[in-house]
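Colleague: Below is a structure I'd like to ask you about.
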Amino acid sequence: QCKLFDTTKSLNILSLSSGSFYTLIQNCSATDFQCDNGRCIPKEKKCDGRDDCNDFSDEQHCGIPEKLEIRLADGEEHSGRVEIKYLNEWGVVCDDKWDINDANVVCRMLGYRSAIKAIPFSYFGPGNANFLLTNVECIGNETSLLECPKRPWRQHNCKRHETASVICKLDKGCAPNQFECDNSQCRSIDQVCDTVDNCGDNSDEKY
């Protein structure tokens with residue numbers, strides 16, 4: 001199959017025992033901006049509020065505060081799949097290296113005190129499987145996922161079964177005559193240690 005390459009770009013030819021193949025090395029012109037993924041775009045498209053590079057690198061270091069919207073989907077009010085909106089685009093977070101520290105940051109972003117659990121493997125479904133973040137490694141005291149170490153935007157090898165989810169801890173607590181389960185649900189004190197998993201996470205049977 002023949003392909004027409006831009007003659008202003010460098011063409012690298014590699015020979016193997018089975019034949020030759022061609023790779024395109026992007027050398028951006030003086031009027032272009034080179035994206036982190038090697039793509040070239042016109043300089044005027046940098047910091048225009050759109051992801052022209054397809055890795056968000058043209059919208060970094062633009063002199064305006066970065067903003068990340070976040071929500072939980074397909075669960076209850078305090079639980080669900082983590083979905084984030086960055087530069088007007090909604091996507092999901094990959095569960096690679098996803099742990100309770102990351103979940104705590106997510107829950108605080110949503111107004112909760114902390115997280116009860118970080119859940120992998122698309123527990124609440126894959127959503128749109130548009131993975132924007134992966135390898136998020138928060139310490140746990142950050143105010144936003146933007147502050148946490150992570151791989152560059154969109155760079156991932158994640159599949160639909162790898163979206164990250166959380167369960168946040170509710171602030172309201174339970175009534176005096178109730179037991180608060182680890183998943184923040186409330187059950188009657190009489191249901192504690194009755195050999196029945198009334199909480200759904202067995203926390204009423206482990207004390």
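Quick reminder: no glycine exception, Cβ is built from N, Cα and C everywhere.
Dumping what TrEMBL says about this protein:
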- Cys28-Cys40: disulfide bond (DISULFID)
- Cys35-Cys53: disulfide bond (DISULFID)
- Cys47-Cys62: disulfide bond (DISULFID)
- Cys94-Cys158: disulfide bond (DISULFID)
- Cys107-Cys168: disulfide bond (DISULFID)
- Cys138-Cys148: disulfide bond (DISULFID)
- Cys174-Cys186: disulfide bond (DISULFID)
- Cys181-Cys199: disulfide bond (DISULFID)
- 70-169: domain 'SRCR' (DOMAIN)
Colleague: Let's check the environment of Cys138 (disulfide bond): how many other CB atoms sit within 10 Å of its CB?
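Modeller: So the number of other Cβ atoms within 10 Å of Cys138 (disulfide bond) is 22.
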Colleague: Can you grab the distance from Cys94 (disulfide bond) over to Cys138 (disulfide bond)? Cα atoms, rounded to a whole Å.
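Modeller: That comes out at 14 Å between the alpha carbons.
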Colleague: Could you give me the DSSP helix, strand and coil counts for the domain 'SRCR' (70-169)?
Modeller: 16 helix, 31 strand, 53 coil
Colleague: Would you mind sorting out which of Cys35, Cys107, Cys199 (the disulfide-bonded residues) have a C-alpha within 10 A of the one on Cys186 (disulfide bond)?
Modeller: Cys199
Colleague: In whole Å, note down how far the CA of Cys35 (disulfide bond) lies from the CA of Cys28 (disulfide bond).
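Modeller: Given the Cα positions, Cys28 (disulfide bond) is 10 Å from Cys35 (disulfide bond).
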Colleague: Taking the Cα of Cys53 (disulfide bond) as the centre, which of the disulfide-bonded residues listed as Cys40, Cys62, Cys158, Cys168 lie within 10 Å of it?
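Modeller: Checking each Cα against Cys53 (disulfide bond), the hits are Cys40.
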Colleague: Are there residues of the same chain, six or more positions away from Cys174 (disulfide bond), whose CB falls under 8 angstroms from its CB, and which are they?
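Modeller: Spatial neighbours, sequence-distant, of Cys174 (disulfide bond): Glu180, Cys186.
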Colleague: Express the distance between the Cα positions of Cys168 (disulfide bond) and Cys181 (disulfide bond) as a whole number of Å.
Modeller: 12
Colleague: When the number of other CB atoms within 10 A of each residue's CB is tallied over all shown chains, which of the disulfide-bonded residues Cys53, Cys168, Cys181, Cys199 has the maximum?
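Modeller: Counting every other Cβ within 10 Å of each candidate, the maximum falls on Cys168.
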Colleague: Around the Cβ of Cys47 (disulfide bond), how many other Cβ atoms lie within 10 Å? Please give the count over every shown protein chain.
Modeller: 15
Colleague: So which disulfide-bonded residues out of Cys35, Cys40, Cys158, Cys181, Cys199 end up within 10 angstroms of Cys47 (disulfide bond), measuring C-alpha to C-alpha?
Modeller: none
